[in-house]
Amino acid sequence: MEARRKWIQLAVLAALIAVLPFFFPSGYYYRVGALIFVNGLSVIGLVILIGYAGQISLGHAGFAGIGAYACALGPQHLGLHPGLALILGAVISGLLALLIGRPILRLKGYYLAVATLGFGILVSMLLTNERALTGGPDGISVEDLGLRALLRDLGWRISGGEFWYGASGIALLVGAWLALNLFDSPTGRAMRSLHGSEVAASTVGIDVARQKLRAFVISAVYASVAGSLLALQNGFITPDVAGFMHSIEMVTMAVLGGVGSVLGATLGAAILTLLPQVLTVFAEYEQLVLGAVMILVMIFLPQGLLPSIARRLRGRGE
Amino acid sequence: MMKTMTSTALASLVALGALSGAAQAEIRLGASVSASGPAAFLGDPEAKTIEMMIEEINAAGGVNGEEIALTLYDDGGDPNKARTFATRLVEDDEVVAIIGGSTTGTTMSILDVAEDEGIPFISLAGAISIVDPVREYVFKTPHTDRMACQKIFTDMQAQGIASIGMISGTDGFGASMQAQCKEVAGEFGIEILADETYGPQDADMTPQLTRIRDTDGVQAVLNPGFGQGPAIVTRNVAQLGFEIPLYQSHGVASNAFVELAGLDAAEGVRLPGTALLIGDLLAEDDPQYKVVNDYIAAYQAKYDQEPSTFAGYAHDAVALMVDAITRAGSTDPAAIRDAIEATSGLVGTTGIYTFSPEDHLGLDLSAFRMLEITGEGWKQLD
């Protein structure tokens, strides 16, 4: 039963990604789609951390920054292929998360939020101030991945927008698949038990600190890969990617869509990515609308959009 | 299945063709500026200027008899958003040219799209890397930071100053200008003895300035930066009783800066500025007299405030674009690009623009005027 639900969710996601382009009136929609997928990927990482393990991070943009700058700096300074740089960034992010998560995650409550907040700001400052290495606040160019040229040599000509729509769509699917697998695995169940009650979890023999650390490291790798994909897609990156506001945006996406649900989080990412595009006419009121949406969701749908709506629909069906 | 899809695609292509045919009566111009967010002090007056000028042009009958349809987006200073809006302008709004990119970061994001799609783009940001190396479709209106450094160092040289202390903001503007100044200082025989920095939110720069004061042989202080930082530096310099001149950058060339720092502290500060700042001081036979004062009058009438130097960058970008479209006599992006590159002697508020295939900035040092803040207001030194 559980396994069937997993495949249904993945199938819905895959179908949406594959079918939507037929309704795109112009190439611009591929760009928006690709952004949604990249944001969705990092938000799925937060689902594992916040939704499964019940921990909060306000510095995940820091990991996105590490992933992004790995793709910018790796090829430039180490002569790495951008694809390898993506993996290098993910490894660095994972190790860093392990290092800082170890002491922090033994603490309860707000300490983790504050510590991750500090971490995010540190990364952002480092990227801004180490001008000689990172190009400073003006940003830095990112080498092309080269895959599109490879496809062209194989006789398949697609535009940059189409390529990144496909590439980030596949990345999102893989990310969702892994997260859904984790959900039903023993590790996932152990993580989710922390969310309910840490005391209860430890009495049944779950190593609380270890499970928290696992969730933290996994979510850091998600954010890092998403940051790398964004950098490669944009071909240019500034320290904004690691900024505090980006961290908040990621958490908001997760909470809005439904922090316990992979599909919900993707929906949250889609809504918050689309909103500024839809609201260009009311650009001045964008923050206002965003705030109002958040408040309404928190009051009326505290579990996030998708889980709340799904429950309501199911209730009616019975 | 495949067949229906192909025919749907064909049908929509035909529909698109019909649409663009119907739209021939207007010139679609796109803009993406940072009207909100941390760079709003740049983007807000730029957006106001662009909207005002397009309204004026349309009221006067448009360009070549066609109205300009402006699509303006607010990217909030976020390079990622700027890239999305640039894609939207090109792919969805089907504009023939783009103005915008208030910051270097947003400009670098937009220019990729413009180059890929072959759409002429006039940037409003300062960094030299935007036009060096020259990119086929990318132009810009503001001077580079390097030129500001050169102008300041020229004045220092004339004053017999050979060794200075620098204190720079770590924001994009300050950091970029700091690097450029250090690169060109040698050409003017100027040695940088102290090199301090401060964060954009810092409230006191006394420690850094004390270190500069205690450095032997410093003959002047240079402060690349914008926002509140330079105002605090100016006040701190006065409080510490410096007896050497203080040079500020074009980033703070505004009356707002004098108010923020206080006239007592700001008196004697030297900085490079554009003609826009001293419209009332310009000689009537100055080539920029009419352009500058007409623009100031129109802006003041509409928005009840003075246009900033940054607003002037947008003014010049619109003027260049409209001039190029007029001369090109068509709305073909490639023809507009060629016309922009052929611009010669176009008078703007920032300077007089002459582009060439090797130069997509089109300004020289004469565009800058060295100014000093005095008790009676601004004084032009050269």
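Cβ coordinates are placed from backbone N, Cα and C, and glycine is handled just like the others.
Predicted automatically and left uncurated, TrEMBL annotations should be read as such.
If you check TrEMBL, you get these features:
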type     : residues  : note
TRANSMEM : A:7-24    : transmembrane segment
TRANSMEM : A:30-51   : transmembrane segment
TRANSMEM : A:84-102  : transmembrane segment
TRANSMEM : A:109-127 : transmembrane segment
TRANSMEM : A:163-183 : transmembrane segment
TRANSMEM : A:254-275 : transmembrane segment
TRANSMEM : A:287-306 : transmembrane segment
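Residues of the same chain lying 6 or more positions beyond the ends of the transmembrane segment (A:163-183) and with a Cβ under 8 Å from any Cβ of it are 6, 9-10, 13-14, 17, 21, 30-31, 33-34, 37-38, 40-41, 44-45, 47-48, 52, 147-148, 151, 191-192, 218, 222, 225-226, 229, 233, 262-263, 266. Within its own chain, the transmembrane segment (A:7-24) is flanked in space by residues 30, 33, 37, 162, 165, 169, 172-173, 176-177, 180, 262-263, 266, which lie at least six positions past its ends and keep a Cβ under 8 Å from the stretch.
Non-local neighbours of the transmembrane segment (A:287-306) in the same chain are 252, 254-261, 263-264, 267-268, 271-272, 275, 279; each lies 6+ residues outside the stretch with a CB under 8 Å from one of its CB atoms.
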